[in-house]
């Protein structure tokens, strides 16, 4: 979830805001007052506010595990009154929200399905700006990194308790860190002297562990390790795996789900799921789809879309975003309505 450029009193304009609205516009506008949008990564509420302004008849369900973000978003979206409901949960709590939470908007979603959904993955600019959260590596801060600060393990817990093998695996898998084993060895050696508590000590360790030639060409040496720790702390990949079938099940015919990924491992998961879901199950060689084997979804984006050069120039945080969208074209019985 990456933001860029200033937006009045609310911090940042969301990445690719206009394109996100355009991707869900047709079905949302067609459903009118029956349209329910899900912003599953509500953050500061920038995308949600734009959607509610752009589609004045639509309702919106906003999800966020971060209680501070949810508080601020509720205040920002208060002028929309009963057109908005915010729920504190991880985004893979979507199914439980639709099944268990009471409210007129939830009832509407149960009856008509979801018209459009947005998943803006990763950490938000708001969270990066809150130094005490420990997401940023350029300022010394507690090694926390929890998106929900009320529960779960911290980055310090991982560094101080995980085995060499587990630390190396996390850094390699979630951060594409070439020197994962060397860094893991250095962590175990350092924690014998004193437990890790703040980010500056970890950054210093990474400067020492990563060769100078790599530091000169590979960006900030802490970037990949901090990313990997954040993904592990917040169980981000499992949440993504869990929510993909939840949202596609919840879409109505014509409904679209849009995913904005900032890391390769996220985009690969989304790409594979979309490919599987849009591929016919009819055995190869047959001229037509057998009953019950035709795909119920189609991919809306051709490959992954990216931010424009102008947007990237205004804020480099938009540079890595990859956008993929999928649309339900038939219901579970194969009907087109």
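The backbone N, Cα and C atoms fix where each Cβ goes, and this holds for glycine too.
The S-adenosyl-L-methionine binding site annotation in Swiss-Prot covers 45, 46, 47, 64, 91, 120, 127.
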Residue 46 (S-adenosyl-L-methionine binding site), number of other Cβ atoms within 10 Å: 26
Residue 91 (S-adenosyl-L-methionine binding site), number of other Cβ atoms within 10 Å: 25
Residue 64 (S-adenosyl-L-methionine binding site): secondary structure state under DSSP, collapsed to three categories: strand
Around the Cβ of residue 120 (S-adenosyl-L-methionine binding site), the count of other Cβ atoms that are within 10 Å: 27
CB contacts for residue 45 (S-adenosyl-L-methionine binding site) [other CB atoms within 10 A, all chains]: 29
For residue 64 (S-adenosyl-L-methionine binding site): intrachain residues, at least 6 apart, with Cβ closer than 8 Å: 41, 42, 43, 70, 73, 86, 88, 89
DSSP state at residue 120 (S-adenosyl-L-methionine binding site), helix/strand/coil: strand
Cβ neighbour count within 10 Å of residue 47 (S-adenosyl-L-methionine binding site): 28
